[in-house]
Amino acid sequence: MSRLVVVSNRIAPPDNKGGAGGLAVGVLGALKAAGGLWFGWSGETGNEDEPLKKVTKGNITWASFNLSEQDYEDYYCQFSNAVLWPAFHYRLDLVQFQRPAWEGYMRVNALLADKLLPLIKENDIIWVHDYHLLPFASELRKRGVNNRIGFFLHIPFPTPEIFNALPPHDELLEQLCDFDLLGFQTENDRLAFLDSLLSQTRVTTRSGKQHIAWGKDFQTEVYPIGIEPDEIALQAAGPLPPKLAQLKAELKNVKNIFSVERLDYSKGLPERFLAYEALLENYPQHRGKIRYTQIAPTSRGEVQAYQDIRHQLETEAGRINGKYGQLGWTPLYYLNQHFDRKLLMKIFRYSDVGLVTPLRDGMNLVAKEFVAAQDPANPGVLVLSQFAGAANELTSALIVNPYDRDDVAAALNRALTMPLAERISRHAEMLDVIVKNDINRWQERFIHDLKEVTPRSPERQQQNNVATFPKLA
């Protein structure tokens, strides 16, 4: 039986007691089924030459390493999060390309390949995750690794007009073709990748999803990531902590609109605040009878763009509350802090509306978690951006354009006044999709397809001559 090797920028610690996110749940499920290794950065800076830190529990080994301060800055902060992240979320105006950062990104991917190489066994299958590791298969191929290597992109893949604006776009595209299987959240993302490829080289396609580019065989497929709906339902339905129970009692005559995500410019938070203001302005009958709570803990606080959006939200929240607030009623609560995941599931359950309106998102698991947390007999309503990957599956949500504040305001009004029968029907349809496409099905489909790939032979590998692009000067 093939062993599974998972590679991601960060690894979830084996003693993690908190609620695991989607990637951790899916990866651990796959690793428990096959046995294997989870390899990645420890999240700490230090001496890169130190031996790997290894922990084994059952049939799973966690192996992690430190990054130097310089590599952390170049690979993680400057290239992954100041170039790839904004570009892949259609924000070229925020891209800060610097050649030393690109060189650091390539250097760290090569370093990771060097560290992983001694741990790889002949029949291992390798599953690589996300935008930090786009060149990783290419680095392994250079070192003679012919194992099956799959890649899953958790964030959107941009259209060629966006992607080709990146100075190393051609290098990145050819490196991606060294994976055997490329997985995307949506069909739009898969097609955007292929369109970018076609803009750079000839691509031969067989059976729709088997391709050859630069002499390299690879497959593309769509794997929308899911959640654990049963676990979320259990967390949501449990007894409320005393403070939350008291708050719920105080707000029993107020309808609650709730949002939670990390503080990021891709989430559309300023636009969301303005849409809520439009709701109060266009539908004054709701004043004093609703409350919008936005939880947005700080993320990447050292990046100027994130500092700017935090200050913008603080300003907008104060302005809206000053304009529409009344004695005894505050229309908008903005909390820039972290809350326990299990507590959030309980807040989801007693919320009347879940407001999830990113400007661009690979999937957005918060939308799925909101649905899974609801009481099926009296569910809340999901208002969801058309630019979230989840909108392709959760078609019974109220789908909105987050750039159109009046459209979002109208959807909020409809959600707040929706009859129970319609709420139940819409919720049941979405829950059915979420249960069928849960996190386990996501990883099982990907691993099954990766195992079906024909391994690359050394002869074919030599013929392909991986990473043939000229070095970026």
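Glycine is treated like the rest: Cβ placed from N, Cα and C.
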D-glucose 6-phosphate binding, same site as ARG10, TYR76, ASP130 - Swiss-Prot member from ARG272, ARG287, ARG291, ARG300: ARG300
Rounded inter-Cα distance in Å - ARG300 (D-glucose 6-phosphate binding site), TRP85 (site 'Involved in alpha anomer selectivity'): 12
ARG10, TRP85, ASP130, PHE339, VAL366, LYS368 filtered to the recorded positions whose C-alpha is within 10 Å of ILE155 (site 'Involved in alpha anomer selectivity'): TRP85, ASP130
Which same-chain residues, if any, lie at least 6 apart from TRP85 (site 'Involved in alpha anomer selectivity') yet have Cβ under 8 Å of it: TYR131, ILE155, SER266
